[in-house]
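Shown next, in structure tokens, is the structure this report addresses.
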């Protein structure tokens, strides 16, 4: 009886924290868009940033709390991986925002984080939100390495692909840049300086950005460069995740590669982003062509991460649609 009461209290506390995180993220997104489009006020801007940091702290505490209570790294099921992805997206975008001093980054990324968090907290069945004992094959140190590398790659590749999508949107629709506050946030001198002096930037790309004559040119070229750099960071994480997964699979099931649907789509994702980086580095691709390929990668990542997991087949299945 006492154990049942404790379990109910833990479940209620988890639900409260998860709902608080979602509501806080929704508020943060609204504050970002309000400060960007309606009122460019320092108080609202600072409140939005504080709310974002607060969301990340609560989310980090929530994951740490689950780790402490269940005695294994909180990446054992879909719910925890979605929470972990939200935490990574929050941290990475806040780092980029700190470097660029541009609120547009948060306004772009936060809707994605809210959708991820909403899907985890509101759409997944309650049974899928609870931690359960790991099967023997998952009771390995490879769990933390493999899954964390894959989640880091998903977070960075999704952000890089988002920048490519925004590049295409702004390239096609010039009216979006007519709002003064948005234009100022994206093309202020410090933002361009941070992009053009980064160690990840090619000299040729930096010169093109510096020589751009209009705010619009500087904006879309900066987005192109930032997308390239972010994808360039995420690709090694994806590579390490695939390799560590193969080694782990050999230890657990005696085979490095079994053409499981998840493995197949991870390879497809790797090939897409390898093609993107190859085209940029050796073929000189930039602008629309590179952005189309990067944008395509956004959907490929989601298919790899979620799509194949819901089919009910393979070693990585969550069986949600069964």
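Placed from the backbone N, Cα and C atoms, the Cβ positions cover glycine too.
On a predicted model such as this, the values are computed, not experimentally measured, just so you know.
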Checklist entry - Pick from 129-149, 150-170: which range does Swiss-Prot record as transmembrane segment? => result 150-170
Checklist entry - With the transmembrane segment (264-281) as the reference, which stretch in 19-39, 72-92, 104-124, 291-311 has the largest tally of C-beta pairs below 8 Å? => result 291-311
Item to check | Closest-packing stretch to the transmembrane segment (19-39), where packing means Cβ pairs under 8 Å, from 72-92, 104-124, 230-250, 291-311 | outcome: 104-124
Next on the checklist: Before we move on, state whether the transmembrane segment (104-124) and the transmembrane segment (72-92) share at least 3 Cβ pairs under 8 Å, counting only pairs 6 or more apart in sequence.
Outcome noted: yes
